[in-house]
Amino acid sequence: MFRILSFLCSWILIAFAQPDMSWFFSLLGSAVGYGLLWYSLEPQKSPKLSWRQLTSLLFLWSVTVYGVHFSWMLSDLYVGKFIYVVWGVLISLLALLFTAFSCLLFFIVRKKHTKILWCLPGLWVAVEMVRFYFLCSGMSLDYLGWPITANAYGRQFGGFFGWAGESFILVATGISFYQVLLRKCFSRYVWLGCLLFPYILGGVHYEYLKNTFSKEENLRVAVIQPASSMLLEGPWSGSPAMAWQRLVSLSSIVRKPVDLLIFPEVSVPFGRDRKVYPYDDSQVILSPLTHFKHQDELLANVDWMQALSNHFNCPILMGLERWEELDSKLHLYNSAECISQHGELIGYDKRILVPGGEYIPGGKIGWSVCKKYFPEYALSCQRIPGARSGVIEVENLPKMGVSICYEETFGMLLRNYKREGAKLLVNLTNDGWYPSSRLPQVHFYHGILRNQELGMPCVRSCHTGITVAADALGRVIKMLPYETRYRKASPGVLQVSLPMQNYPTLYAFWGDFPMIFLSLLSIGCIGCYFGYRLLAKKEKA
């Protein structure tokens, strides 16, 4: 009976161990959830389950847990029914990885290979690194150690070892609690050490930084949240200039003076330079606020940006599409463009693209298969990853490290911004592809980790997601209402004086390299251990 209860309790604890769902389940699940699961299936008591039974139960447990974690993908209004196939393949693949890892753990426990038991956390980190950096564009969401970040101390631990350190310590905590349930010697002390280590280390660092935090240097930022996306809402009647109507109306709310005005990802259609807006129609919309400097017959989005920049006497940062001709071919980029009062235009092209939404995985073969069997999902024009640096430097502003969409969830990418001298992280996002889902919260709780990993403040500009400004300790300064299952996002302006204090972190210095080394060392130890035993067995024979 205890085994059945342990199995069910472990499912409940881990399924809801998501920082966006419950900080309580996140902290309790990371402490005892995996240990309860492993003990329920292999308590080293009779009756023992067969390997087939173990594998089946592990896969069932894992696939249903991951199904809950990625439930936001099932919002199919814009992405279509094919997303159910993608969701099923993704959670099955992740479940297979966890099932294989757990079976290896049970094999080691059954055969009493205790010398390599503590190599398993490093092995799991290696497994996650493969899917983190090499599965399509990288699957950075819902890594195993994410529940640790449900409080500020756990997030601050990421400033030492990043996401990989969090996953390592969570697996070590799970294994040690499993050993506690098996009544192994000293296991209780090991479990308490693994459990408390990230919170003590992160907590001491966090409290020290909080007590020495300075608010002397501030940046006056205004962020526009349209609460809609022209990209998703489709064509409208009337002049193309109507695309700017809501943005101009919201901009009129902004109070001067302001140092930087930010708009979200792909705020308006037609790209950066395409001249499609009739001057007369555009001037009618813009006239309550300001006017255009040049009276060209047709205007482009950069002309609107320049007019706003001149009016507010500050740079404008906006998400736009950008077309570029290379080798007689047109290439499409998802870009962030920044224009100054003096007309200086600096941009960044998104480097980590969303598979399926911005490109078809598998190259020409993948695109051909998609076009033949799923023609409605074959993208008419695929974006390509950019090469321009995401660090944007504009006169009278600190250097900004710009990311687009889920790029902000990759610590190694944004770590380069810190090394290039960026003082502020800016993310432009459109979470509207999955309306009335958990995605805005999931995305935010992954992205905000970069503040404490790198010791930098951040600003997020979203259409319907979480538009927020937070300091370098991850403390929210101001947040706008965002879309959930129960409410729609509200159009608005986030205007805030953001503390610009930065601080150095070990993760910014060494990134994932210590955990990569530890993972390779763990794999090497496991390989040498089994290799030595195999050779010894052959010699005896």
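In case you wondered, yes, glycine gets a Cβ from its N, Cα and C as well.
Per Swiss-Prot, active site, proton acceptor is recorded for Glu265, and the stated evidence type is sequence analysis. Here Swiss-Prot flags Lys350 as active site. The active site, nucleophile annotation in Swiss-Prot covers Cys405. The domain 'CN hydrolase' feature in Swiss-Prot is assigned to 219-500; the stated evidence is sequence analysis. Residues annotated as transmembrane segment in Swiss-Prot, with sequence analysis given as evidence: 21-41, 54-74, 89-109, 116-136, 157-177, 189-209, 506-526.
On the structure: features taken from Swiss-Prot.
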| residue | record | CB count, 10 Å |
| --- | --- | --- |
| Glu265 | active site, proton acceptor | 26 |
| Lys350 | active site | 27 |
| Cys405 | active site, nucleophile | 26 |
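Three or more CB pairs closer than 8 A are found between the transmembrane segment (116-136) and the transmembrane segment (506-526), so contact between the two stretches is assigned (pairs 6 or more residues apart).
Sequence-distant residue pairs (6 or more apart) of the transmembrane segment (89-109) and the transmembrane segment (189-209) include fewer than 3 whose Cβ atoms are under 8 Å, leaving the two stretches without contact. Cα-Cα distance from the residue listed as 'active site' to Glu265 (active site, proton acceptor): 10 Å (rounded to the nearest whole number). Panel annotation: around the transmembrane segment (506-526), residues 116, 119-123, 125-126, 129, 158-162, 164-165, 168, 411-412, 415, 418-419, 453-455 of the same chain, lying at least six beyond its termini, place a Cβ under 8 Å from a Cβ of the stretch.
Nonlocal intrachain contacts for the transmembrane segment (189-209), taken as residues 6+ away from its ends with a CB within less than 8 angstroms of a stretch CB, comprise 31, 35, 148, 151-160, 165-166, 169, 172-173, 176-177, 179-180, 452, 472-473, 503. Cα separation, the residue listed as 'active site, nucleophile' to Glu265 (active site, proton acceptor), rounded: 7 Å.
Sequence-distant contacts of the transmembrane segment (21-41) (same chain, at least 6 residues past either end, Cβ-Cβ under 8 Å): 3-4, 6-7, 9-14, 49, 54, 57-58, 61, 102, 105-106, 145, 147-151, 154, 170-171, 173-178, 180-182, 191, 195, 438.
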